[in-house]
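> Feature list, courtesy of TrEMBL:
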type     : residues      : note
BINDING  : 117, 119, 127 : Zn(2+) binding site
ACT_SITE : 194           : active site, schiff-base intermediate with substrate
BINDING  : 204, 216      : 5-aminolevulinate 1 binding site
BINDING  : 232           : Mg(2+) binding site
ACT_SITE : 247           : active site, schiff-base intermediate with substrate
BINDING  : 273, 312      : 5-aminolevulinate 2 binding site
Ligand code: PBG
(Lines of atoms letter the chains of each structure in order from A and count residues from 1; the text may use other names and numbers.)
(Lines give C-alpha, C1' and ligand atoms only; values in the text may rest on other atoms or scores of the structure.)
Protein backbone atom coordinates (compact mmCIF):
# COMPACT_ATOMS: atom_id res chain seq x y z
CA UNK A 1 0.00 0.00 0.00
CA UNK A 2 1.35 3.47 -0.88
CA UNK A 3 0.03 7.00 -1.42
CA UNK A 4 -0.71 8.11 -4.99
CA UNK A 5 0.56 11.73 -4.88
CA UNK A 6 0.36 11.96 -8.64
CA UNK A 7 -3.45 12.14 -8.43
CA UNK A 8 -3.17 15.87 -7.73
CA UNK A 9 -0.62 16.46 -10.46
CA UNK A 10 -2.61 14.92 -13.29
CA UNK A 11 -3.77 18.00 -15.28
CA UNK A 12 -2.77 21.67 -15.44
CA UNK A 13 -6.12 22.67 -13.93
CA UNK A 14 -5.82 20.31 -10.99
CA UNK A 15 -2.26 21.49 -10.42
CA UNK A 16 -3.52 25.07 -10.35
CA UNK A 17 -6.22 24.18 -7.83
CA UNK A 18 -3.72 22.79 -5.35
CA UNK A 19 -1.07 25.44 -5.86
CA UNK A 20 0.05 26.67 -2.44
CA UNK A 21 2.07 29.75 -3.34
CA UNK A 22 0.98 32.58 -5.58
CA UNK A 23 2.80 35.57 -6.98
CA UNK A 24 0.94 38.82 -7.65
CA UNK A 25 1.91 42.12 -9.20
CA UNK A 26 1.17 43.75 -5.84
CA UNK A 27 4.05 41.75 -4.34
CA UNK A 28 6.64 43.45 -6.51
CA UNK A 29 8.80 46.50 -5.91
CA UNK A 30 10.87 47.71 -8.86
CA UNK A 31 14.24 49.48 -8.34
CA UNK A 32 15.07 52.51 -10.50
CA UNK A 33 18.45 54.28 -10.69
CA UNK A 34 18.17 58.00 -11.29
CA UNK A 35 21.34 59.72 -12.43
CA UNK A 36 22.13 63.41 -12.27
CA UNK A 37 23.04 63.98 -15.90
CA UNK A 38 21.59 66.12 -18.71
CA UNK A 39 20.02 63.47 -20.92
CA UNK A 40 20.84 59.88 -20.30
CA UNK A 41 19.47 56.38 -20.43
CA UNK A 42 22.47 54.13 -20.12
CA UNK A 43 22.28 50.37 -19.72
CA UNK A 44 24.34 48.94 -16.87
CA UNK A 45 26.70 46.45 -18.52
CA UNK A 46 26.46 43.86 -15.72
CA UNK A 47 22.65 44.25 -15.53
CA UNK A 48 21.14 43.90 -19.00
CA UNK A 49 17.76 45.64 -19.21
CA UNK A 50 18.44 47.96 -16.24
CA UNK A 51 19.41 51.58 -16.82
CA UNK A 52 20.78 54.68 -15.19
CA UNK A 53 18.12 57.20 -16.14
CA UNK A 54 18.26 61.00 -15.98
CA UNK A 55 15.29 63.04 -14.74
CA UNK A 56 14.17 64.11 -18.20
CA UNK A 57 13.98 60.46 -19.34
CA UNK A 58 12.18 59.23 -16.25
CA UNK A 59 8.68 59.73 -17.60
CA UNK A 60 8.99 57.16 -20.41
CA UNK A 61 10.29 54.59 -17.92
CA UNK A 62 7.49 55.34 -15.46
CA UNK A 63 4.83 55.06 -18.17
CA UNK A 64 6.13 51.61 -18.97
CA UNK A 65 6.30 50.54 -15.33
CA UNK A 66 2.84 51.89 -14.55
CA UNK A 67 1.23 50.39 -17.60
CA UNK A 68 2.60 46.98 -16.74
CA UNK A 69 0.83 47.22 -13.40
CA UNK A 70 3.69 48.00 -11.02
CA UNK A 71 2.56 50.35 -8.24
CA UNK A 72 5.63 50.36 -6.08
CA UNK A 73 9.20 51.43 -6.86
CA UNK A 74 12.39 51.98 -4.91
CA UNK A 75 14.59 54.85 -6.01
CA UNK A 76 18.38 55.13 -5.92
CA UNK A 77 20.13 58.40 -6.74
CA UNK A 78 23.50 58.84 -8.44
CA UNK A 79 24.70 62.41 -7.90
CA UNK A 80 27.03 64.35 -10.15
CA UNK A 81 29.23 65.33 -7.21
CA UNK A 82 30.25 63.03 -4.39
CA UNK A 83 32.11 64.10 -1.27
CA UNK A 84 33.37 62.61 2.00
CA UNK A 85 30.11 63.38 3.86
CA UNK A 86 27.63 62.40 1.15
CA UNK A 87 26.16 65.91 1.11
CA UNK A 88 24.07 65.34 -2.00
CA UNK A 89 22.18 62.58 -0.20
CA UNK A 90 20.46 65.05 2.15
CA UNK A 91 20.29 68.10 -0.06
CA UNK A 92 16.65 69.16 -0.49
CA UNK A 93 17.22 69.43 -4.23
CA UNK A 94 19.52 66.43 -4.62
CA UNK A 95 18.92 63.93 -7.42
CA UNK A 96 16.93 61.52 -5.28
CA UNK A 97 14.71 64.29 -3.86
CA UNK A 98 14.05 65.64 -7.36
CA UNK A 99 13.40 62.11 -8.60
CA UNK A 100 10.84 61.49 -5.86
CA UNK A 101 9.10 64.79 -6.69
CA UNK A 102 8.97 63.92 -10.36
CA UNK A 103 7.48 60.47 -9.79
CA UNK A 104 4.85 61.79 -7.38
CA UNK A 105 3.89 64.59 -9.76
CA UNK A 106 3.45 62.17 -12.67
CA UNK A 107 1.97 59.24 -10.78
CA UNK A 108 0.61 60.33 -7.38
CA UNK A 109 -0.64 56.84 -6.53
CA UNK A 110 2.73 55.18 -7.16
CA UNK A 111 4.20 54.04 -3.83
CA UNK A 112 7.66 55.55 -3.75
CA UNK A 113 10.30 54.02 -1.51
CA UNK A 114 13.51 55.90 -0.91
CA UNK A 115 16.71 53.98 -0.26
CA UNK A 116 18.22 55.83 2.67
CA UNK A 117 21.98 55.39 2.63
CA UNK A 118 25.06 57.47 1.99
CA UNK A 119 27.18 55.10 -0.12
CA UNK A 120 25.81 56.41 -3.42
CA UNK A 121 26.75 59.94 -2.32
CA UNK A 122 30.17 59.54 -0.67
CA UNK A 123 33.37 59.77 -2.71
CA UNK A 124 34.86 56.83 -0.74
CA UNK A 125 31.78 54.66 -1.36
CA UNK A 126 31.20 53.72 2.29
CA UNK A 127 27.78 54.01 3.92
CA UNK A 128 28.77 56.71 6.42
CA UNK A 129 31.42 59.06 7.75
CA UNK A 130 34.94 57.67 7.94
CA UNK A 131 37.04 57.91 11.09
CA UNK A 132 40.34 59.36 9.89
CA UNK A 133 42.40 57.28 12.32
CA UNK A 134 40.76 53.85 12.19
CA UNK A 135 39.20 54.21 8.72
CA UNK A 136 36.10 52.59 10.12
CA UNK A 137 32.62 54.05 9.56
CA UNK A 138 31.57 56.23 12.50
CA UNK A 139 28.23 55.06 13.83
CA UNK A 140 26.54 57.84 15.75
CA UNK A 141 27.78 60.71 13.60
CA UNK A 142 26.48 58.86 10.54
CA UNK A 143 23.06 58.48 12.18
CA UNK A 144 22.61 62.24 12.18
CA UNK A 145 23.19 62.40 8.44
CA UNK A 146 20.84 59.49 7.81
CA UNK A 147 18.11 61.29 9.71
CA UNK A 148 18.64 64.37 7.54
CA UNK A 149 18.53 62.17 4.43
CA UNK A 150 15.31 60.44 5.49
CA UNK A 151 13.58 63.72 6.39
CA UNK A 152 14.55 65.35 3.08
CA UNK A 153 13.24 62.29 1.23
CA UNK A 154 9.97 62.42 3.16
CA UNK A 155 9.69 66.15 2.45
CA UNK A 156 10.10 65.43 -1.25
CA UNK A 157 7.15 63.05 -1.05
CA UNK A 158 8.58 59.57 -0.36
CA UNK A 159 5.87 57.21 0.89
CA UNK A 160 8.21 54.76 2.62
CA UNK A 161 11.72 55.24 3.99
CA UNK A 162 14.01 52.24 3.43
CA UNK A 163 17.28 52.67 5.33
CA UNK A 164 20.01 50.30 4.12
CA UNK A 165 23.14 51.57 5.85
CA UNK A 166 23.35 49.08 8.76
CA UNK A 167 24.46 51.56 11.41
CA UNK A 168 23.30 50.55 14.89
CA UNK A 169 20.25 52.48 16.00
CA UNK A 170 19.23 53.68 12.55
CA UNK A 171 15.58 52.75 12.92
CA UNK A 172 15.08 54.56 16.21
CA UNK A 173 17.01 57.65 15.05
CA UNK A 174 15.15 57.90 11.77
CA UNK A 175 11.80 57.26 13.46
CA UNK A 176 12.48 60.07 15.91
CA UNK A 177 13.67 62.38 13.14
CA UNK A 178 10.63 61.71 10.97
CA UNK A 179 8.25 62.19 13.90
CA UNK A 180 9.90 65.45 14.92
CA UNK A 181 9.57 66.75 11.36
CA UNK A 182 5.86 65.91 11.20
CA UNK A 183 6.21 62.64 9.25
CA UNK A 184 4.87 60.29 11.90
CA UNK A 185 2.64 58.72 9.21
CA UNK A 186 5.59 57.59 7.07
CA UNK A 187 6.58 53.94 7.57
CA UNK A 188 10.11 52.55 7.79
CA UNK A 189 11.02 49.46 5.77
CA UNK A 190 14.23 48.42 7.49
CA UNK A 191 17.05 46.73 5.66
CA UNK A 192 18.18 45.58 9.10
CA UNK A 193 19.09 42.07 7.98
CA UNK A 194 21.64 42.83 5.34
CA UNK A 195 24.52 40.46 4.77
CA UNK A 196 27.92 41.45 3.48
CA UNK A 197 27.61 39.83 0.07
CA UNK A 198 29.35 39.24 -3.22
CA UNK A 199 25.91 39.51 -4.83
CA UNK A 200 25.94 43.33 -4.64
CA UNK A 201 28.69 43.72 -7.24
CA UNK A 202 26.51 44.75 -10.21
CA UNK A 203 24.52 47.19 -8.05
CA UNK A 204 27.74 48.96 -7.18
CA UNK A 205 28.41 49.37 -10.92
CA UNK A 206 24.92 50.78 -11.29
CA UNK A 207 25.12 53.13 -8.29
CA UNK A 208 28.83 53.81 -8.77
CA UNK A 209 29.27 53.01 -5.09
CA UNK A 210 32.07 50.44 -4.84
CA UNK A 211 34.10 51.28 -1.69
CA UNK A 212 37.44 52.82 -2.66
CA UNK A 213 39.11 50.98 0.24
CA UNK A 214 38.26 48.09 2.55
CA UNK A 215 34.87 46.42 2.57
CA UNK A 216 31.56 46.69 4.42
CA UNK A 217 32.19 43.86 6.88
CA UNK A 218 32.23 46.06 10.00
CA UNK A 219 28.61 47.01 9.40
CA UNK A 220 27.02 44.40 7.13
CA UNK A 221 26.45 40.91 8.54
CA UNK A 222 28.55 37.78 8.16
CA UNK A 223 26.84 35.27 5.87
CA UNK A 224 27.57 32.43 8.33
CA UNK A 225 25.22 33.84 10.93
CA UNK A 226 21.62 32.96 11.57
CA UNK A 227 21.09 33.93 15.21
CA UNK A 228 22.54 37.36 14.54
CA UNK A 229 19.66 37.98 12.12
CA UNK A 230 17.26 37.34 14.99
CA UNK A 231 19.10 39.91 17.12
CA UNK A 232 18.89 42.49 14.34
CA UNK A 233 15.18 41.72 13.96
CA UNK A 234 14.55 42.14 17.69
CA UNK A 235 16.26 45.54 17.74
CA UNK A 236 14.46 46.78 14.68
CA UNK A 237 11.06 45.69 15.99
CA UNK A 238 11.75 47.42 19.28
CA UNK A 239 12.95 50.53 17.48
CA UNK A 240 9.78 50.73 15.40
CA UNK A 241 10.41 49.10 12.02
CA UNK A 242 7.17 48.64 10.06
CA UNK A 243 8.53 46.16 7.52
CA UNK A 244 11.67 44.05 7.45
CA UNK A 245 13.95 43.37 4.49
CA UNK A 246 16.17 40.30 4.22
CA UNK A 247 18.96 40.80 1.74
CA UNK A 248 20.14 39.08 -0.44
CA UNK A 249 17.26 36.67 -0.97
CA UNK A 250 18.15 33.40 -2.63
CA UNK A 251 21.10 32.31 -0.54
CA UNK A 252 19.20 33.42 2.55
CA UNK A 253 15.82 31.71 2.20
CA UNK A 254 16.34 30.09 5.61
CA UNK A 255 16.66 33.56 7.13
CA UNK A 256 13.48 34.73 5.37
CA UNK A 257 11.65 31.78 6.92
CA UNK A 258 13.11 32.50 10.38
CA UNK A 259 12.07 36.13 10.16
CA UNK A 260 8.58 35.23 8.91
CA UNK A 261 8.15 32.89 11.87
CA UNK A 262 9.46 35.40 14.38
CA UNK A 263 7.50 38.58 13.72
CA UNK A 264 4.16 39.86 12.54
CA UNK A 265 5.23 42.67 10.23
CA UNK A 266 5.55 42.30 6.45
CA UNK A 267 8.74 40.56 5.36
CA UNK A 268 10.48 41.71 2.20
CA UNK A 269 12.99 39.72 0.14
CA UNK A 270 15.54 41.81 -1.76
CA UNK A 271 16.37 39.83 -4.89
CA UNK A 272 19.66 41.65 -5.41
CA UNK A 273 21.66 42.66 -8.44
CA UNK A 274 24.01 39.67 -8.54
CA UNK A 275 21.06 37.31 -8.42
CA UNK A 276 19.62 39.14 -11.40
CA UNK A 277 22.87 39.18 -13.36
CA UNK A 278 23.49 35.46 -12.90
CA UNK A 279 20.12 34.60 -14.42
CA UNK A 280 20.65 37.07 -17.27
CA UNK A 281 24.09 35.66 -18.06
CA UNK A 282 22.98 32.05 -17.97
CA UNK A 283 19.95 32.75 -20.09
CA UNK A 284 21.92 34.80 -22.63
CA UNK A 285 24.11 31.73 -23.04
CA UNK A 286 21.08 29.52 -23.53
CA UNK A 287 21.91 27.53 -20.39
CA UNK A 288 18.60 28.05 -18.61
CA UNK A 289 15.10 29.10 -19.57
CA UNK A 290 14.84 32.61 -18.15
CA UNK A 291 11.09 32.80 -17.73
CA UNK A 292 10.57 29.53 -15.88
CA UNK A 293 13.71 30.10 -13.87
CA UNK A 294 12.63 33.58 -12.77
CA UNK A 295 9.16 32.40 -11.78
CA UNK A 296 10.64 29.47 -9.85
CA UNK A 297 12.99 31.78 -7.96
CA UNK A 298 10.22 34.26 -7.10
CA UNK A 299 7.97 31.45 -5.92
CA UNK A 300 10.76 30.14 -3.70
CA UNK A 301 11.06 33.53 -1.99
CA UNK A 302 7.33 33.69 -1.36
CA UNK A 303 7.27 30.08 -0.20
CA UNK A 304 10.08 30.90 2.23
CA UNK A 305 7.78 33.54 3.73
CA UNK A 306 8.38 36.79 1.88
CA UNK A 307 5.30 38.99 1.52
CA UNK A 308 6.98 41.39 -0.90
CA UNK A 309 9.90 41.12 -3.30
CA UNK A 310 12.19 43.91 -4.46
CA UNK A 311 13.35 42.69 -7.86
CA UNK A 312 14.90 43.93 -11.10
CA UNK A 313 12.71 41.31 -12.82
CA UNK A 314 9.48 43.07 -11.81
CA UNK A 315 8.66 44.29 -15.33
CA UNK A 316 9.32 40.88 -16.88
CA UNK A 317 7.23 39.18 -14.23
CA UNK A 318 4.27 41.47 -14.93
CA UNK A 319 4.44 40.45 -18.59
CA UNK A 320 4.58 36.76 -17.64
CA UNK A 321 1.61 37.15 -15.30
CA UNK A 322 -0.40 38.94 -18.02
CA UNK A 323 0.33 36.17 -20.49
CA UNK A 324 -0.63 33.49 -18.00
CA UNK A 325 -4.05 35.05 -17.59
CA UNK A 326 -5.00 34.82 -21.27
C1 PBG B 1 23.04 50.74 -0.38
C2 PBG B 1 22.46 49.55 -1.03
C3 PBG B 1 23.11 48.46 -1.64
C4 PBG B 1 22.13 47.68 -2.21
C5 PBG B 1 20.90 48.27 -1.92
N6 PBG B 1 21.13 49.41 -1.15
C7 PBG B 1 24.53 48.18 -1.89
C8 PBG B 1 25.52 47.83 -0.90
O9 PBG B 1 25.28 47.65 0.29
O10 PBG B 1 26.65 47.78 -1.36
C11 PBG B 1 22.37 46.45 -3.03
C12 PBG B 1 21.29 46.07 -3.93
C13 PBG B 1 21.63 45.11 -5.01
O14 PBG B 1 22.71 44.51 -5.06
O15 PBG B 1 20.75 44.93 -5.85
N16 PBG B 1 23.72 50.53 0.78
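A Cβ is built for glycine as well, from the same backbone N, Cα and C atoms used for every other residue.
All annotation found in TrEMBL is predicted automatically rather than curated by experts.
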> Going through the recorded positions 194, 232, 247, 312 in sequence order, which have a CB under 6 Å from an atom of ligand 1?
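By the Cβ criterion, which requires under 6 Å to ligand 1, there are no hits.
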> Can you check what DSSP calls residue 273 (5-aminolevulinate 2 binding site), collapsed to helix, strand or coil?
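Residue 273 (5-aminolevulinate 2 binding site) sits in a helix per DSSP.
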> Which of the three DSSP states, helix, strand or coil, fits residue 127 (Zn(2+) binding site)?
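Looking at the DSSP assignment, residue 127 (Zn(2+) binding site) belongs to neither helix nor strand, so coil.
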> Using C-alpha atoms only, work out the spacing between residue 119 (Zn(2+) binding site) and residue 247 (active site, schiff-base intermediate with substrate) and round it to an integer in Å.
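That separation, Cα to Cα, works out to 17 Å.
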> List the recorded positions among 117, 194, 204 whose C-alpha is within 10 Å of the C-alpha of residue 273 (5-aminolevulinate 2 binding site), in sequence order, or say none.
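Matched recorded positions: 204, sequence order.
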> Name the one residue among 127, 247, 312 whose Cα is closest in three-dimensional space to that of residue 216 (5-aminolevulinate 1 binding site); these are the recorded positions.
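The smallest Cα gap between residue 216 (5-aminolevulinate 1 binding site) and any of the recorded positions is with 127.
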> In whole Å, how far does the CA atom of residue 194 (active site, schiff-base intermediate with substrate) lie from that of residue 247 (active site, schiff-base intermediate with substrate)?
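Answer for this pair: 5 Å between alpha carbons.
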> Excluding 117, 119, 127, please set out which residues of the same chain place their CB within 8 Å of the center of the CB atoms of the Zn(2+) site, keeping sequence order.
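These residues sit around the Zn(2+) site: 86, 118, 120, 122, 126, 128, 164, 165, 209.
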> With an 8 Å cut-off on Cβ-Cβ distance and a minimum sequence separation of at least 6, pull the same-chain contacts of residue 127 (Zn(2+) binding site), or say none.
117, 118, 119, 137, 142, 164, 165, 166, 167, 216, 219
> Between the residue listed as 'Mg(2+) binding site' and residue 247 (active site, schiff-base intermediate with substrate), what is the CA-CA distance rounded to a whole number of Å?
13
> Could you find out if DSSP has residue 247 (active site, schiff-base intermediate with substrate) as helix, strand or coil?
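For residue 247 (active site, schiff-base intermediate with substrate) - judged by DSSP and reduced to three states - the answer is strand.
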> Pop the Cα-Cα gap between residue 247 (active site, schiff-base intermediate with substrate) and residue 312 (5-aminolevulinate 2 binding site) into the table, whole Å please.
14
> Test of understanding: give the count of other CB atoms lying within 10 angstroms of the CB of residue 204 (5-aminolevulinate 1 binding site).
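For residue 204 (5-aminolevulinate 1 binding site), the 10 Å Cβ neighbour count is 17.
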